[in-house]
Amino acid sequence: MAPLLLLFLLGGLCALFSLASSSPATKKCGDAKKRREEEGEEVVVVAKKRPEEEPRRPDPDADLGIVFSTFDHDGDGFITAAELEESLKRLGIAVSSAAEAAALVARVDANSDGLIDIHEFRELYDSIPKRRKSHQQHPLPSTAAADEEAAAADEEYEAEEEERDLREAFDVFDGNKDGLISAEELGTVLESLGLRQHGGRPAVAECRDMIRLVDSDGDGMVSFEEFKRMMTVVKA
């Protein structure tokens, strides 16, 4: 999988992570329940949703910051070529050499300091969908039939390319290669990326919440088809 596309997929994952792990109503209810239990009261909680509450929407700025922090290992606000190379290796994405990692950095390093800051990272992240559509095209005679044929060929090429990329991304999460992503497998990937809830290891329950957002058949797993639908939504 192209390392640049990986950044886009991580953005979708982080959006799901933030949606599943931060529900204000759930947190307030849990805090109140804990206080009353500490005071010795028997507590029965019935979850209710206030009429004025709306489902939490992903915050693009916050999600981008989470993705950035997974690569910025030392937290200094910059991504080095070495940090980029190490992050990709954690996910099983091979980088052939340090020079290749440096070349990836150089592609967006506007001030030529050898580092990627958050602004350069945003420019890279926003450009990824456009890059996917910029493959080389062979010129054809400019006729209506030729234009229609070229458009169909482009759509087919793009669909095949996206299918391959998504399959490779899916395989990163599917640790045992059974064709399904479990909560445990998702937690392992989150941990490898440094995405931890409240500074600790991602709880399996939180990973189940993430899966529930995209699990259309209710089996507690994410199939490849569900994974593709998920990525279609987060890229929209």
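Here the Cβ of each residue, glycine as well, is placed from N, Cα and C on the backbone.
Because the structure is a prediction, the values reported are computed rather than measured.
Annotation comment: Swiss-Prot describes D72, D74, D76, E83 as Ca(2+) 1 binding site. DSSP classifies D74 (Ca(2+) 1 binding site) as coil under the three-state reduction.
DSSP assigns E226 (Ca(2+) 4 binding site) to a helix. Within 10 Å of the C-beta of E226 (Ca(2+) 4 binding site) there are 19 other C-beta atoms, taking all protein chains into account. Sequence annotations record features per position, and here Swiss-Prot assigns Ca(2+) 4 binding site to D215, D217, D219, M221, E226 based on sequence analysis.
The annotation domain 'EF-hand 1' is assigned in Swiss-Prot to 59-94 on the grounds of sequence analysis.
According to Swiss-Prot, the feature domain 'EF-hand 3' maps to 161-196.
Mean pLDDT of the predicted structure over the domain 'EF-hand 4' (202-236): 81. Residues annotated as domain 'EF-hand 4' in Swiss-Prot: 202-236.
The feature region 'Disordered' is assigned by Swiss-Prot to 43-64 (among others).
The feature region 'Disordered' is assigned by Swiss-Prot to 130-158 (among others).
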Subject >> Distant-in-sequence Cβ neighbours of M221 (Ca(2+) 4 binding site), under 8 Å, six or more positions away >> reply: L180, I181, S182, I211, D215
**OP:** Using C-alpha positions only, work out which of the binding-site residues D217, D219, E226 is nearest to D72 (Ca(2+) 1 binding site).
**Re:** E226
Subject >> Densest Cβ neighbourhood among D72, D76, D215, D217, D219 (binding-site residues), 10 Å radius >> reply: D72
**OP:** Can you grab the distance from D219 (Ca(2+) 4 binding site) over to D76 (Ca(2+) 1 binding site)? Cα atoms, rounded to a whole Å.
**Re:** 41
Original post:
For the binding-site residues listed here (D74, E83), which one has the lowest count of neighbouring CB atoms within 10 Å of its own CB?
Top reply: D74
